[in-house]
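*Asks:* Okay, handing you the structure first.
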Amino acid sequence: MAPAITLAAETELSAANTGFMLICSALVMLMTPALAFFYGGMVRVKSTLNMLMMSFISLGIVTVLWVLYGFSMAFGTDTGSIVGWNSDWVGLSDIGLTELWDGYTIPVFVFLVFQLMFAVLTPALISGALADRVKFTAWALFIALWATVVYFPVAHWVWGAGGWAFELGVIDFAGGTAVHINAGAAALGVILVIGKRVGFKKDPMRPHSLPLVMLGAGLLWFGWFGFNAGSWLGNDDGVGALMFVNTQVATGAAVLGWLAYEKIRHGAFTTLGAASGAVSGLVAITPAGGAVSPLGAIAVGVIAGVLCAMAVGLKYRFNYDDSLDVVGVHLVGGILGSLLIGFFATGKGQSDVAGLFYGGGLDQFWKQCAGVFGVLAYSLVVSAILALILHKTIGMRVTEDEEVAGIDQAEHAETAYDFSGAGGGAARTTAVPAHVAQAESKKVDA
Amino acid sequence: MKLITAVVKPHRLDEIKEALQAFGVHGLTVTEASGYGRQRGHTEVYRGAEYTVDLVPKIRIEVLVEDDDAEQLIEVVVKAARTGKIGDGKVWSVPVDTAVRVRTGERGPDAL
């Protein structure tokens, strides 16, 4: 997010920036279903639909909460550097259509819908760690609680005027801390409470559709241009374009980094590695892309690709079931991107703050550490508490039988694929589709 | 009558079908199967986690023949299925009591 460069109070609405930002908002919206495919392909056949739905439901829940009070909490007038509030924004009830976002050239309505898409995506990211085993109602409640107690305040810390990280000068262009570290740490907190999948480390849990994973990764990459470049809220000074370029560069480099590590370590270039590498690069450049040069972005990408590839193996060593590597990719990638700003910031991008390699000393690095570990600790602890409350009351997990048989059937009364050659299952006679019934009655008349 | 069953590599299906047609077989049944023999399986790696996939894809071909043709037909199938590499599969035969052509009700060798 753009730091509050207080432009002379008077700005004018820019139709170009407004159009650009509306398109960016739609791009960021696409990331949530893209994420659903990315995750959905990685689970087994029997829990594909549940994985898709865990992301998709966020589009419903968080959208409504954002309108009711989320935007007000995240971006309203600061209270104690912790949370915002603005009663005019509750229900978006008193916002003029041409009222501009303070200091920028786009209407408040455009800013709030762009930010809405971030709020939707962030809880969805957590779901990858919880594959195959969480009750859908418990997950829906978790999203609502987590958005309220964790995401809205943390977004305020990082991007809201008066938030502590924002005032400290922590650089987070598009959400390395507020989105990725936040979601990754939350994922870790929740899985420590709810435990492992039945059969973790014993049963084979191969991805059921790598083409789906690649499709999801590709769409995420595409949507991420809106996420990253749009976070400058306009492109009057070229910084948004720099971010766009760096997003592409770091992601490409991260694909190479992950694949190289994998080839050396495991002997093959895998599609899952390429897709995961892309996401790790996107995550790492998210906070950093406005501060580094394209060569710096290559460094950030390669480092993220290699270290995330190493990090995804940790769950087997430490025995926690981060099912689809939300911790290994989003938490680790987010930390890397945020901290590397302290080394690679050129001072010629979004601000004149330079990192260690550009003569700026370690000042910025320490600020980045404060942002990273503040968000990490808060999100980890509060998410674990929320999960514990739900786990002890309504229960977070489906029964073992349901989990083994497949959560799709237990929670959604559907299955993702029809494998029976003959069309699968006889229709119940009570459920003859209306148009068939009609056609048959006509035949009788004739 | 005999039921000849062949579990072989999927890509040999066309050769076997042609060879059987040339031999004069009028019908056969093919199903997709999976399994392993001495070939065992192979290893796949996903994000560093190794999985042993011990069931490999095969096709299973079933043909009913008269007793006198059985030995010769087995030879035909084996010849068409062979690549000489490990994992070529198996062919076997078992006796069959009866067979009925559903449409006409013909029984025994007439039903073939």
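In case you wondered, yes, glycine gets a Cβ from its N, Cα and C as well.
Residues or ranges marked as transmembrane segment by TrEMBL: A:20-39, A:51-71, A:104-126, A:138-159, A:179-198, A:210-227, A:239-261, A:268-289, A:295-314, A:326-345, A:365-390. For A:20-417, the entry in TrEMBL reads domain 'Ammonium transporter AmtB-like'.
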*Asks:* Examine the transmembrane segment (A:239-261) against the transmembrane segment (A:326-345) and state whether at least 3 Cβ pairs sit under 8 A, considering only residue pairs 6 or more apart.
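*Replies:* Not in contact, no.
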*Asks:* Contact between the transmembrane segment (A:326-345) and the transmembrane segment (A:179-198) is defined here as three or more C-beta pairs under 8 Å separated by at least 6 residues; is that satisfied?
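*Replies:* Yes, the transmembrane segment (A:179-198) and the transmembrane segment (A:326-345) are in contact.
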*Asks:* Quick test of the contact rule: Cβ under 8 Å, at least six residues beyond the ends. What residues does that give for the transmembrane segment (A:326-345)?
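*Replies:* 125-126, 128-129, 170-172, 176-177, 179-181, 183-185, 187-188, 276, 279-281, 283-288, 291-293, 296, 299-300, 303-304, 307-308, 311-315, 320, 353-358, 360, 362, 364-369, 371-372, 376.
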*Asks:* The transmembrane segment (A:295-314): which same-chain residues, six or more beyond its ends, come within Cβ distance under 8 Å?
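*Replies:* Same-chain contacts beyond the ends: 245-246, 249-262, 265, 273, 276-277, 280-281, 283-285, 288-289, 325, 327-329, 332-333, 336-337, 340, 344, 346.
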*Asks:* Tell me, roughly as an integer, the mean pLDDT over the domain 'Ammonium transporter AmtB-like' (A:20-417).
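*Replies:* Residues in the domain 'Ammonium transporter AmtB-like' (A:20-417) carry a mean pLDDT of 96 in this prediction.
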*Asks:* Please give the sequence-distant neighbours of the transmembrane segment (A:20-39): residues at least 6 beyond its ends with Cβ less than 8 Å from one of its Cβ atoms.
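*Replies:* Counting only partners 6 or more residues beyond its ends, the transmembrane segment (A:20-39) has Cβ contacts under 8 Å with 51-56, 58-59, 106, 110-111, 113-114, 116-118, 120-121, 124-125, 127-128, 131, 212-213, 215-220, 222-227, 229-230, 233-235, 275, 279, 324.
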